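Working notes for the structure below.
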């Protein structure tokens with residue numbers, strides 16, 4: 001099964017991706033991870049992407065799509081994949097569909113985790129993570145046992161620059177402008193599954209699991 005995981009920043013995509021990966025035998029493909037892998041491996045596509053990334057520019061769609069396509073052709077994706085962080089625009093979605101069609105595949109389900117804007121702001125502005133092991137906490141909903149210290153490894157807890165104040169609001173605005181149209185795109189294909197993400201992660205996952213097992 002080929003799954004797209006969608007939702008605004010702070011919706012809990014990372015948590016659901018980990019739960020899905022543990023339950024279903026398909027790889028979790030994060031575009032951030034495969035960009036880093038391509039760059040570290042020194043592949044031709046990775047070198048092209050690095051030129052843009054190092055100068056602070058967005059990587060063009062054709063390079064991003066090619067890197068994603070290269071990843072989903074690997075053997076561990078034969079039974080499906082969970083794609084997180086791509087596509088972000090309808091142009092990217094169309095390019096992905098074309099790449100999948102060339103491989104005799106298609107998107108089976110696009111999961112959209114929907115969360116009210118005010119709750120997203122609270123989640124993001126309270127989000128901190130461990131500098132060492134990258135475990136994520138939330139000062140409002142899931143604080144560490146000891147202030148400033150990771151429960152898992154004792155590392156220092158820090159807040160990302162893009163999880164602060166006005167930056168959070170801007171990130172959500174960009175998401176709404178660029179990514180919201182994707183919902184209409186996948187709805188037209190009959191593969192969109194909207195889920196209320198303001199509940200606990202266990203409840204959200206239970207609904208996603210029920211949907212996947214019904215397909």
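In case you wondered, yes, glycine gets a Cβ from its N, Cα and C as well.
Since we're looking at a predicted model, the values are computed, not measured.
Long-range Cβ neighbours of residue 137 (ATP binding site) (same chain, at least 6 residues apart, Cβ-Cβ under 8 Å): 127, 128, 129, 130, 143, 144, 157. Among the features that Swiss-Prot reports, ATP binding site is placed at 10, 11, 12, 13, 14, 15, 127, 136, 137, 199.
The annotation AMP binding site is assigned in Swiss-Prot to 31, 36, 57, 58, 59, 85, 86, 87, 88, 92, 160, 171. Taken residue by residue with DSSP, residue 57 (AMP binding site) is part of neither helix nor strand, so it is coil. A simple way to gauge crowding: the CB of residue 57 (AMP binding site) has 9 other CB atoms within 10 angstroms, across all the protein chains here.
Residues or ranges marked as Zn(2+) binding site by Swiss-Prot: 130, 133, 150, 153. DSSP gives residue 133 (Zn(2+) binding site) a coil state; it is part of no helix or strand.
Listed as Cβ neighbours of the region 'NMP' (30-59) (distance under 8 Å, sequence separation of 6 or more from its ends, same chain) are residues 17, 66-68, 70-71, 83-86. Here Swiss-Prot flags 30-59 as region 'NMP'.
The average pLDDT the prediction assigns to the region 'LID' (126-163) is 92. The region 'LID' annotation in Swiss-Prot covers 126-163.
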So what's near the region 'LID' (126-163) in sequence-distant terms, Cβ-Cβ under 8 Å and 6+ beyond its ends? 10, 14, 171
Can you grab the distance from residue 12 (ATP binding site) over to residue 31 (AMP binding site)? Cα atoms, rounded to a whole Å. 16
A 10 Å Cβ contact count, applied to the binding-site residues 88, 127, 160: which residue has the minimum? 160
If I take the alpha carbons of residue 150 (Zn(2+) binding site) and residue 88 (AMP binding site), what is the distance between them in whole Å? 32
At a 10 Å cut-off from the C-beta of residue 150 (Zn(2+) binding site), count the other C-beta atoms across all protein chains. 21
Give the three-state DSSP assignment (helix, strand or coil) for residue 160 (AMP binding site). coil
